[in-house]
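What follows is a structure written as structure tokens; I'll ask about it next.
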Amino acid sequence: MEKNALIYVAGHAGMVGSAIVRELARLGYANLVVRTRAELDLTNQTAVADFFTKEKPKYVILAAAKVGGIAANMASQADFLYENMQIQNNVIWSAHTAGVKKLMFLGTSCIYPRECPQPAKEEYLLDGKPEPTNDGYALAKISGLKLCEKMYEQYGDRFISCMPTNIYGFCDDFDPKSGHVVPGMMQRMHTAKQNGDKEFSIWGSGRAEREFLFVDDLANAIVWLMNTYEEKDFLNIGTGVGTSIKELAVLLKGVIGYDGELVFDTTKPDGAPRKFLDVSKIHKLGWKYSTELKSGLEKTYQWYLENRAS
Ligand SMILES: NC(=O)c1ccc[n+]([C@@H]2O[C@H](COP(=O)([O-])OP(=O)(O)OC[C@H]3O[C@@H](n4cnc5c(N)ncnc54)[C@H](OP(=O)(O)O)[C@@H]3O)[C@@H](O)[C@H]2O)c1
């Protein structure tokens with residue numbers, strides 16, 4: 001991407017979108033166009049088409065989506081399917097009509113089949129049924145990846161996609177009821193420290209392994225791919241490193257300075273024993289994550305302390 005080219009970051013105020021804006025600024029891209037949802041509702045086809053006709057961005061990074069935890073997904077499967085289909089159809093088609101040179105669509109690792117072998121390779125997508133608790137979201141995201149692939153094949157559009165693993169970092173949702181495991185556990189452990197709790201309870205045995213990527217590393221990979229990747233096949237983005245929930249909790253104890261005891265509630269489910277991505281393809285192309293989990297957790301906790309009031 002040329003440094004002065006007009007780049008549209010959709011979802012710029014979200015966790016991933018704001019990291020992409022920071023990364024673009026760090027690299028000297030100063031010509032960005034952004035819109036809040038109040039200014040441009042991406043589910044509105046006419047408004048999106050008008051925006052592209054007027055602004056004519058050269059590059060698009062689509063980081064806007066309806067995103068949520070298990071409870072939100074289960075309660076509103078139709079909304080997750082409908083809104084995400086609308087957002088991505090409108091943005092991808094309008095980008096095509098407006099002659100956008102390159103577009104990046106973001107999938108997510110939770111759309112791989114529920115039973116797929118681990119670590120998940122790119123070719124396992126659609127080898128089985130997605131997790132039923134979020135299949136509305138998964139089906140929309142799979143359609144987005146496929147639409148980019150088909151646009152690439154039929155029209156020669158350079159519309160590429162990536163499949164990020166679990167992300168943590170700044171601007172995350174720290175509410176334990178709706179947030180993902182890292183921010184949820186961080187917030188609960190911070191509160192346990194404040195309250196002087198002797199014990200900290202964790203669902204399951206602590207042995208389940210998950211993969212965590214710092215959001216700034218994801219943003220770095222996305223901008224790097226926009227500049228280097230020309231293929232239609234989507235790519236996994238992750239660390240390729242599995243971390244057990246117990247290891248995560250021990251790291252967080254150190255970062256937060258909590259000295260109570262970790263108690264594993266084995267009456268609660270562990271979920272899948274291991275879930276992480278095969279990242280050999282992106283490694284072969286030359287990209288690797290740079291933020292180790294401990295360092296990412298320290299930065300995230302500092303951000304949380306500075307911003308939790310707002
Ligand atoms: N977080 C993760 O762990 C993770 C992992 C893998 C992939 N991803 C992918 O990364 C992308 C961004 O996720 P995120 O975690 O950054 O989510 P997020 O923090 O909720 O940000 C999503 C952004 O999209 C905007 N948006 C939603 N609906 C919109 C609409 N109808 N019109 C205009 N803007 C709209 C939101 O605006 P408002 O703030 O106004 O709602 C928000 O700025 C998603 O595609 C997600 O699948 C995330």
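The backbone N, Cα and C atoms fix where each Cβ goes, and this holds for glycine too.
Predicted automatically and left uncurated, TrEMBL annotations should be read as such.
Take a look at what TrEMBL says about it:
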type	residues	note
ACT_SITE	Tyr137	active site, proton donor/acceptor
BINDING	11-17, 106-109, Lys141, 164-167, His180	NADP(+) binding site
BINDING	Arg188, Trp203, Arg210, Asp270	substrate binding site
DOMAIN	7-238	domain 'NAD-dependent epimerase/dehydratase'
SITE	Thr108	site 'Important for catalytic activity'
SITE	Cys110	site 'Important for catalytic activity'
By a simple count, how many Cβ atoms lie within 10 Å of the Cβ of Thr108 (NADP(+) binding site), its own Cβ left out?
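Summing over all protein chains shown, Thr108 (NADP(+) binding site) has 19 other Cβ atoms within 10 Å.
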So which binding-site residues out of Gly11, Gly14, Thr108, Pro164, Ile167, Trp203 are up against ligand 1, CB under 6 A?
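Within range of ligand 1: Gly11, Gly14, Thr108, Pro164, Ile167.
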Counting only residues 6+ apart in the same chain, whose Cβ is under 8 Å from the Cβ of Trp203 (substrate binding site)?
Asp265, Lys268, Pro269, Asp270
What's the number of neighbouring CB atoms sitting within 10 A of the CB on Pro164 (NADP(+) binding site)?
21
Looking at the binding-site residues Gly11, Gly14, Gly17, which one has the fewest other Cβ atoms within 10 Å of its own Cβ?
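Comparing Cβ neighbour counts within 10 Å for the binding-site residues Gly11, Gly14, Gly17 gives Gly14.
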Are there residues of the same chain, six or more positions away from Cys110 (site 'Important for catalytic activity'), whose CB falls under 8 angstroms from its CB, and which are they?
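Non-local contacts for Cys110 (site 'Important for catalytic activity'): Pro130, Glu131, Asn134, Tyr137, Ala138.
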If you measure every Cα to Cα pair among Arg188, Trp203, Arg210, Asp270, the residues listed for substrate, what is the largest value in Å?
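That value is 19 Å for the farthest Cα pair.
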Just the number: how many Å between the Cα atoms of Ile167 (NADP(+) binding site) and Arg210 (substrate binding site)?
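Here the two Cα atoms are 11 Å apart.
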Could you measure between Thr108 (NADP(+) binding site) and Arg210 (substrate binding site) for me? Cα positions, answer in whole angstrom.
14
